[in-house]
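Structure first, then comments.
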Amino acid sequence: MNKFWETGRKIVAVGRNYAQHAKELGNEIPSEPFFFLKPTSSYLLQGTGPIEIPLESSDIHHEVELGIVIGKKGRDIDLKSAMDYVSGYTLALDMTSRDQQSIAKAKSLPWTVSKGYDTFCPISGFIPKDKIKDLNNVELWCSVDGQIKQKGNTNQMIFDVPHLIQYISSIMTLESGDLILTGTPSGVGPVKPGQVIKCGITGLDTDMQFDIILRKRN
């Protein structure tokens, strides 16, 4: 699973899983997990290139997240065995075209466009399962041009990882190499071409850094 981005078939992104993030965007705190899908073509591995800002969007936001890499196929997974299906983790960004998302929300349309552009799921690479000892105490941070914008802990999540796995697998089969993005803490905000975004997990050597550029059409 150390190259899950090459083998996984889907990215399941959980929304509004940190109460303060839900509030900062004016959303209600969910009573059950809420998720959407991102295409695997949106993966951008650390060191392989910049994040591209699409020409048709002027409000791109960073959202740092802990990613859960699924290690084996499962359906209707129960809470007690949920972690048996986890092979490891990744640090990820769920890049979001906020203006495109607002248009979709106003029209009651899916968020696919706002979340699915190429390079909109930057990742650090694979983090072995044993590197994170306490999944309920993982501090994530994100900076833009050296200024910290996001800092939050997984102990602030509304739904923990076993509950997310249980819920998602009750709807769709989770397969080896799939990635679950577990939500973002508060502090999301815009990035622009020419800026540099950096993210990390406190205490782990997982820092990742990406330049931001304006996309050039082929």
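Cβ coordinates are placed from backbone N, Cα and C, and glycine is handled just like the others.
For the Mg(2+) site that Swiss-Prot gives as Glu63, Glu65, the extra residue drawn from Asp94, Asp99, Asp118 is Asp94. Taking the Cβ of Glu63 (Mg(2+) binding site) as reference, residues of its chain lying under 8 Å away and at least six apart in sequence are, in sequence order, Leu93, Asp94, Met95, Thr96, Gln150, Thr184, Val188. In the three-state DSSP assignment, the secondary structure recorded for Asp94 (Mg(2+) binding site) is coil. In the transit peptide (1-18), the DSSP tally of helix, strand and coil residues is 4 helix, 6 strand, 8 coil.
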